[in-house]
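See below for the structure under consideration.
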Amino acid sequence: MRQLSTQDADFDSQLTELLAFETVNDATLLTTVDDIIARVRHGGDSVVLELTQQFDQHPATTTQALELSKEALAEAFANLDDVVKSALITAATRVKTFHERQVQETWQYEDELGNRLGQKVTALDRVGIYVPGGLASYPSSVLMNAIPAKVAGVKEVIMVVPAPKGVLNPLVLAAAHLAKVDRVFTIGGAQAVAALAYGTETIPAVDKITGPGNKYVAAAKRAVFGQVGIDMIAGPSEVLVYAEGEAQDRADWLAMDLLSQAEHDRIAQAIFVTTSAQQLKEVAIEIEKALAELPKADIARDSLKNRGVLILVRDREEGMAVINRVAPEHLELSVDHPDALLNSIRHAGAIFMGRHTPEAIGDYCAGPNHVLPTSGTARFSSPLGVYDFQKKSSIIYCSESGSKPLAQTADILAQHEDLEAHARSARYRYQ
């Protein structure tokens with residue numbers, strides 16, 4: 001795992017190189033995805049079935065067989081071990097409670113002319129959620145995508161999840177039942193995104209697609225944007241852990257927080273930033289100790305080698321500057337007084353405050369969404385939320401008397417834009 005210091009002459013270029021990562025602009029990938037989308041768009045069910053058999057070796061012989069019944073979801077939930085069922089319910093309850101606070105309501109006000117202005121908030125009609133599949137799948141992703149949609153008032157939530165060789169993690173199905181997902185199709189990849197975007201004879205077209213996936217899913221979401229809305233183009237997951245070498249810090253905790261990200265994927269990114277050279281050394285040692293016995297050590301080791309970094313900064317100000325430059329998906333502030341740093345953080349997907357708040361809690365059960373902007377997009381993007389499943393319409397009502405002064409203003413401006421019909425339309429209201 002490489003080490004950098006802000007005092008290095010080439011620090012800026014080294015950091016830029018580490019942060020540079022793009023998987024969805026590969027020409028071959030884009031050509032493949034465009035071909036899949038075109039085939040699904042024109043071939044419908046038969047192409048979806050063919051590609052699912054080809055890529056996932058799914059045993060289904062009809063597209064209808066790719067859909068799971070609500071009874072199957074309920075059975076998966078009922079058969080859960082009591083401890084696991086309780087944990088899933090706890091997570092779902094907390095996610096729902098948090099997201100209920102995000103609901104936006106319609107509002108109106110009357111201006112000084114007696115005109116009524118406002119904003120109408122409406123839930124989307126139908127959304128599609130993509131959930132990574134197989135045995136190593138993530139029921140938490142079901143909760144984080146479906147629950148905000150339901151809280152927003154979405155009428156129908158369609159879930160797609162790949163099932164290699166027809167095999168699915170029962171916990172994913174149980175989560176779909178708990179989150180009140182309306183329909184579940186065992187399809188994945190670019191073909192699933194295309195089916196959701198354009199619809200087939202069996203799979204209904206949706207208004208928006210959310211949820212993480214591999215590079216083919218990300219490229220497909222980018223390609224269908226405009227036909228449907230999307231939440232974001234998700235890149236590899238990342239964490240930045242910040243500490244200052246305080247007495248209460250534990251190097252083994254910090255190391256494990258970094259490794260919890262690195263074990264996700266060989267292209268995941270774990271970054272440690274500290275003001276203490278001694279702490280940097282201690283964390284490096286603890287990482288090596290943990291790698292000796294972690295089940296996914298091979299994945300974590302590759303991740304740390306390829307994209308991990310330990311960064312030494314001179315002071316807190318430099319630390320905050322590095323954080324805002326990285327704009328991490330997950331940011332842990334492992335310090336005594338994290339609130340003192342909050343106003344200095346401008347760019348981060350989720351901020352984990354204090355050393356008793358590891359990213360892992362946020363991933364599963366804290367309540368805020370774990371679908372977060374990656375690859376520096378926290379500079380301009382937000383976590384998935386209820387607001388992603390609601391849209392807004394402006395409300396404008398002008399009374400007869402209130403219309404006249406506004407029409408005069410519109411008339412003048414329209415003339416200066418050389419739009420005569422606009423000007424006359426306004427003029428008719430006051431002459």
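Positions of Cβ are set from backbone N, Cα and C atoms, glycine also.
Record features (Swiss-Prot):
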ACT_SITE  Glu329  active site, proton acceptor
ACT_SITE  His330  active site, proton acceptor
BINDING   Tyr130, Gln191, Asn214  NAD(+) binding site
BINDING   Ser237, Gln261, His264, His330, Asp363, Glu417, His422  substrate binding site
BINDING   Gln261, His264, Asp363, His422  Zn(2+) binding site
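Distance from the CA of Gln191 (NAD(+) binding site) to the CA of Asp363 (substrate binding site) is 27 Å.
Ser237 (substrate binding site) has its Cα within 10 Å of the Cα of these recorded positions: Glu329, His330, taken from Tyr130, Glu329, His330. Between the alpha carbons (Cα) of His264 (substrate binding site) and Tyr130 (NAD(+) binding site) lies a span of roughly 18 Å. For His330 (active site, proton acceptor), the nearest of the binding-site residues Tyr130, Gln191, Gln261, Glu417, His422 in terms of C-alpha separation is Gln261. In the shown protein chains, 29 other C-beta atoms lie within 10 A of the C-beta of Tyr130 (NAD(+) binding site). DSSP assigns His422 (substrate binding site) to a helical segment in the three-state reduction. When the neighbouring Cβ atoms lying within 10 Å are counted for each of the recorded positions (Glu329, Asp363, Glu417), the highest count belongs to Glu329. If you count neighbouring Cβ atoms within 10 Å for each of the binding-site residues Gln191, Asn214, Ser237, the highest count belongs to Gln191.
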